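Here TrEMBL flags 33-446 as domain 'Major facilitator superfamily (MFS) profile'. The transmembrane segment annotation in TrEMBL covers 72-91, 98-117, 129-149, 161-183, 189-213, 267-286, 306-323, 330-350, 356-377, 389-408, 420-445.
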Amino acid sequence: MLPDPANDEYLLTVHAINPVVEKEVRRKFDRFIMPIVFLSYMFAILDRSNIGNAQTGGMGADLGFDDSQFEWLLTIYYIPYIAFSGFHILWQGPQMRFWAAAMIFAWGSISALQSVVKNWGGMMICRCLLGVAEACFAPGIPVILSYFYRREEIGLRVGIYLSAAPLATSFGGLLAYAIVSYLHSPYLAGWRLLFIAEGIPPVLLAIALAIFLPKSPEEAFFLKAYQKKIAEQRTIMQCGKTGQHRMGWNNIKPKQIWKTMVDPQTIVHGLMGFCCNVSFASLPVFLPTILTTMGFSKVASQGLTAPPYLFAFVVCILSTWFADKFKQRGYIIAALSLVGSLGYILLATLPLDNTLGRYASIFLAAAGVFSAIANILPWSLNNQPTDTARGAGMSIFGYLSQAGPLLGTRMFPVYDGPHYTKGLVICAAFMFLNFVLSLLLRWYYVHMNNRHISLLGAMALADGSRMAVGAKPVEIVDPQRRLRSAGLSEMADTINYRLIL
């Protein structure tokens, strides 16, 4: 006789969840939630970076602006993006799906409206508003995933989410190639049609997200009753409260926000994000230009951007899966950073006529940069013990890391062509710095874990001493209860929280 899934004894033991049923729940989250967040980020990257393909397709010539003005179109996006990065903490409110849907609808509409601008000033306004809308959305997705997935599961899911970036960039290059080559007309320039084609899908996705994204894990419409019990228990075992109680304005703790802001690990994660984003922001925008200097036509260079990004997509998935399985993110990030740095060094030093070698170097650079940042984000989420800390940590990460594109988008001025040595060397240096920071942060986490173990050991030793002098067993309580009774609730919540290396 098969066990009854509705029976609580089948679902739960005293300290664990039935792994078979838990796998069912996790797979349903994967099927219903991951496609929505993956598509949302893919569209965000398309709308953020398609200006590079539009420029290659003749936008600058049609609107009458020069290369320095084009650089400002890249920079102006990131100024409001940085300023509004912290607003995703509003996602902890009770209506996160409607907030997310509104932001997607906004940036899709703004992206499409870029197709009707008549001058450089109009494009500047659109790019600025696009930065505001995407800043209020993109940094919140990893935090939302932390509501549905456990620490040992979230790395792969964040990796899948962020792998949309290289996939979108490769798809964007192919789409730009097709539109600019075959779909332009005397009445509508190819670059204008490109903005329309990549602006409409997010508007449709916003409607789907508002309908299908659950309010909390245990309220997911696609889960059966017994699966909702498992979803609720998963959340309780990880955070001590249900998903419903995790969401709401009263769960935002100002003291935890301040503590997270000054925490060394928060600052280092932000600096690592800065290092990666210097290269992350510049590569999609200037790669078509770099390929053009290698002897390819402008149209062909757009199509040739696809293979390196598809390779980076695969590396993103594999590296985050590996890091989840072995709970070793620091070494993975360090290795990927070295790969990215090597790619940029080769691009900077190989002669222009070595087309094959320089093109192969782009594969290394793209895989290293995109995959490193795909592992940094879950590393930060893994090692923040509360929802408020995760939200605040992502805000600081956004503020620091998104300053990187302010530098990255201005490192390839036209007068540095055709080799662009300075920009490539700077990217290589920042990826090497990311390698150093990842190893230092891993050492810090080992140190902090050892401190936790020592503290628990000291408390256990004290219990043994009390027993030796005749203390009653009932007086010996677990470390969490003891700390709470001493008024140290915050320490009690994190005393058993092991940092992932």
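Cβ atoms are placed via backbone N, Cα and C, with glycine included.
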**Prompt:** Taking the transmembrane segment (420-445) as reference, which of 72-91, 129-149, 267-286, 306-323, 356-377 has the most Cβ pairs under 8 angstroms?
**Reply:** 267-286
**Asked** Which bits of the chain, at least 6 residues beyond where the transmembrane segment (356-377) starts or stops, bring a Cβ under 8 A of a Cβ in it?
**Response** 142, 155, 158-159, 162-163, 165-166, 269, 272-273, 276-277, 279-280, 283, 287, 290-291, 294, 304, 307-309, 311-313, 315-316, 319-320, 323, 329, 332-333, 336-344, 346-347, 350, 397, 427, 431, 434
**Positions on the same chain near the transmembrane segment (267-286), where near means CB under 8 A and six or more residues out** = 45, 49, 51-52, 74, 78, 165, 169, 172, 305, 333, 337, 340, 344, 365-366, 369-370, 372-373, 376-377, 379-380, 393, 396-397, 399-405, 407-409, 411-412, 420, 423, 426-427, 430-431, 433-434, 437-438, 440-441, 444
**Message:** Could you check whether the transmembrane segment (306-323) and the transmembrane segment (330-350) come into contact, where contact means at least 3 Cβ pairs under 8 Å with the two residues of each pair 6 or more apart in sequence?
**Reply:** yes
**Asked** So, do the transmembrane segment (389-408) and the transmembrane segment (189-213) meet, by the test of 3 or more Cβ pairs under 8 Å (sequence gap 6 or more)?
**Response** no
**Prompt:** Looking only at the domain 'Major facilitator superfamily (MFS) profile' (33-446), what is the mean pLDDT?
**Reply:** 84
**Message:** As a test: from 98-117, 129-149, 161-183, 189-213, pick the stretch that has the greatest number of Cβ pairs under 8 Å with the transmembrane segment (72-91).
**Reply:** 129-149
**Request:** State the residues, same chain only, that lie 6 or more residues beyond the ends of the transmembrane segment (161-183) and have a CB under 8 A from a CB inside it; answer 'none' if no residue qualifies.
**Result:** 34, 37-39, 41-43, 45-46, 49-50, 53-54, 56-58, 141-142, 145, 190-191, 193-194, 197-198, 280, 284, 288, 299-300, 302-313, 316-317, 366, 370, 373-374, 377
